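Student: Below you will find the structure I want to go over with you.
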Amino acid sequence: MDGGKLAERRPHGDVAEEDPGRRGAPPALDEDDGNEKAPRRSRRVASLDVFRGLTVAVSDTHTHPLLTATCVCVLVSVQLMILVDGAGDEWPVIGHAPWDGCNLADFVMPFFLFIVGMAIPLSLKRIPDRGRAVRRVVIRILKLLFWGILLQGGYSHAPDELTYGVDMKFVRWGGILQRIALAYLVVAVLEIVTKDAKIQDQSSSGFSIFRMYFSQWIVACCILLVYLSLVYGIYVPDWEFRVRNVDSPSYGQVLTVTCGTRGKLDPPCNAVGYIDRTVLGINHIVYQLVYCSMQACTDDSPYEGPFKRDAPAWCVAPFEPEGILSSFSAVLSTVIGVHYGHVLVHMKSHIERLKQWITMGIALLILGIILHFSHAIPLNKQLYTFSYICVTAGAAGVVFSIFYFLVDILNLLYVFAPLQWIGM
């Protein structure tokens, strides 16, 4: 489909992903009169739409249902989630892993962050004025934060209750859109600062793109070092909470969780939860039962079920799955996506693009799997661990490469037309 027509359909055009290497042949001269024929315009990267559509199709089963309609309006660059209710409850391999591990639903958030990152170079390269680019980024960030807090902060009670209003003492500050906003802010600012890199064919050197955007990788390494230092270095003391789950026999009671340790990645005593409780406040994080399918809490694990009589106190404790430190490390998923976008912008050969993408994807997968099975750093979505970043980003890179080969090289778009429609 003609990229010009698609651009007209998307007037905001913030992320009209176009392949800079698909501009067709130079303008040809008409043999009769010598007039130049108009060159073909860039075509959209259809495989990115298909990949986004696939991610939408397996979206998070526990996200607020109103998120779908709102994201379509406020996040033109990444059409988010059409929910598939109940699948995770019937088949645990589809739902989220109780704690350590990585099931199908655990790939959704990092896949979206990867897609956001990959679209950034394709979008910002078309805005020559840095001031205009910064304004566009700021406006988008404010929209994401506004709708994120409105929908997941507790203001809307739908669909359980058709009422609105929230007690500000218990508003939730974290959320999916807030995490996307943070990742988009950091990576978009980095891209704007380094956007003077020359657009040229880099197919002759595999590491030239890394050198060109060396400063971005330095920032990524700093983010990783800060995250690891805090996760393994912060002392987590004992803490208390009031049970707000009305179905719990301990409803209304104040329970104590014994920690007094550092460097732990278990549910009750990790630094990720401690930072959220300290900075955000324990009343401003999720009181849904994050641990209700863990083996220590229920005999029905990996399904949700009634708590054991001797279940530890932390089974009914609050935990923010999109908290400060985990969202900080989630930026790395977007950074990796940006690198894939840089490859698309700077390399013109299909073979060189696929070589770069698949090599990096497989390397990340192997690194993440080794870290997990060697018990060095477990796969954990709630903590957004480094091994989880590697496995999910590597999987995203490999899956996208497959779609790119099938859709943009073999031109089998008609096979994936429904996914493209969802992803656009």
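Placed from the backbone N, Cα and C atoms, the Cβ positions cover glycine too.
Features from TrEMBL:
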COMPBIAS  1-22  compositional bias 'Basic and acidic residues'
REGION    1-41  region 'Disordered'
TRANSMEM  66-84  transmembrane segment
TRANSMEM  104-125  transmembrane segment
TRANSMEM  137-156  transmembrane segment
TRANSMEM  176-193  transmembrane segment
TRANSMEM  214-235  transmembrane segment
TRANSMEM  324-345  transmembrane segment
TRANSMEM  357-377  transmembrane segment
TRANSMEM  383-407  transmembrane segment
Student: Tell me if the transmembrane segment (324-345) touches the transmembrane segment (104-125). I count contact as 3 or more CB pairs below 8 A, with pairs 6 or more residues apart.
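Tutor: Stretch pair touches.
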Student: Residues of the same chain, at least six outside the transmembrane segment (214-235), with any C-beta under 8 angstroms of its C-beta?
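Tutor: For the transmembrane segment (214-235), the list is 186, 190-191, 193-194, 261-263, 265, 270-272, 274-275, 325, 328-329, 331-332, 335, 338, 383, 385-386.
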Student: So which of 137-156, 324-345, 357-377 is most in touch with the transmembrane segment (383-407), counting Cβ pairs under 8 Å?
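Tutor: That would be 357-377.
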